[in-house]
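According to Swiss-Prot, the disulfide bond annotation covers Cys28-Cys87, Cys42-Cys134, Cys44-Cys60, Cys59-Cys115, Cys66-Cys108, Cys76-Cys101, Cys94-Cys106. The Ca(2+) binding site feature in Swiss-Prot is assigned to Tyr43, Gly45, Gly47, Asp64. According to Swiss-Prot, the active site annotation covers His63, Asp109.
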Amino acid sequence: AVCVSLLGAANIPPQSLNLYQFKNMIECAGTRTWLAYVKYGCYCGPGGTGTPLDELDRCCQTHDHCYDNAKKFGNCIPYLKTYVYTCNKPDITCTGAKGSCGRNVCDCDRAAAICFAAAPYNLANFGIDKEKHCQ
């Protein structure tokens, strides 16, 4: 099944469509809701500094770096770029032209979703004080 599913996306502002796809991909690959990652560690969620706190936080740091690399391809804006992929729980397949902005962003999100699903989740690292723990 194609998981682009824009049927439920009609009321979502265009600028969040990629994050909506990433959310669906996270939930395809694993068993946790995407909300479990929004404020996790030093790198999950917006921004990121310091040393990752654990394996899951490293997944988010790697995802940030992957997006940084995707930005190097012309005017690729990962947070705005939508893409096409299929989800056959827990398998995710990115489609589209290899090397294109959409495919690069999809590959970043796919790798992160798989990494999130495999990494242990430490509840103590959710909602931490980033000023204190991420320098």
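Note that Cβ sites are derived from N, Cα and C of the backbone, with glycine treated the same way.
Secondary structure at Cys106 (disulfide bond), taken from DSSP and collapsed to helix, strand or coil, is helix. Rounded to a whole value, the Cα-Cα separation of Cys28 (disulfide bond) and Asp64 (Ca(2+) binding site) is 20 Å.
In sequence order, Tyr83, Val84, Tyr85, Arg103, Cys106, Asp107, Arg110 make up the list of same-chain residues 6 or more apart from Cys94 (disulfide bond) whose Cβ falls under 8 Å from its Cβ.
Distance from the CA of Cys134 (disulfide bond) to the CA of Cys87 (disulfide bond) is 34 Å. Remark: of the disulfide-bonded residues Cys28, Cys59, Cys76, Cys101, the most isolated position is Cys76 (fewest other Cβ atoms within 10 Å of its Cβ).
The disulfide-bonded residues in question are Cys42, Cys44, Cys60, Cys106, Cys115, and the one with the fewest Cβ neighbours inside 10 Å is Cys115. Candidate binding-site residues: Gly45, Gly47. Fewest other C-beta atoms within 10 angstroms, Gly47. When secondary structure is read from DSSP and collapsed to three states, Gly47 (Ca(2+) binding site) falls in the coil class. According to DSSP, Cys94 (disulfide bond) sits within a strand segment. Cys134 (disulfide bond) is 9 Å away from Tyr43 (Ca(2+) binding site) when you measure Cα to Cα.
Cβ atoms within 8 Å of the centroid of the Cβ atoms of Tyr43, Gly45, Gly47, Asp64 (the Ca(2+) site) belong to the same-chain residues Cys42, Cys44, Pro46, Gly48, Cys60, Gln61, site residues excluded. Here Cys66 (disulfide bond) is positioned 12 angstrom away from Cys76 (disulfide bond), judged by their C-alpha atoms. Under the three-state DSSP scheme, Cys87 (disulfide bond) falls in the strand class.
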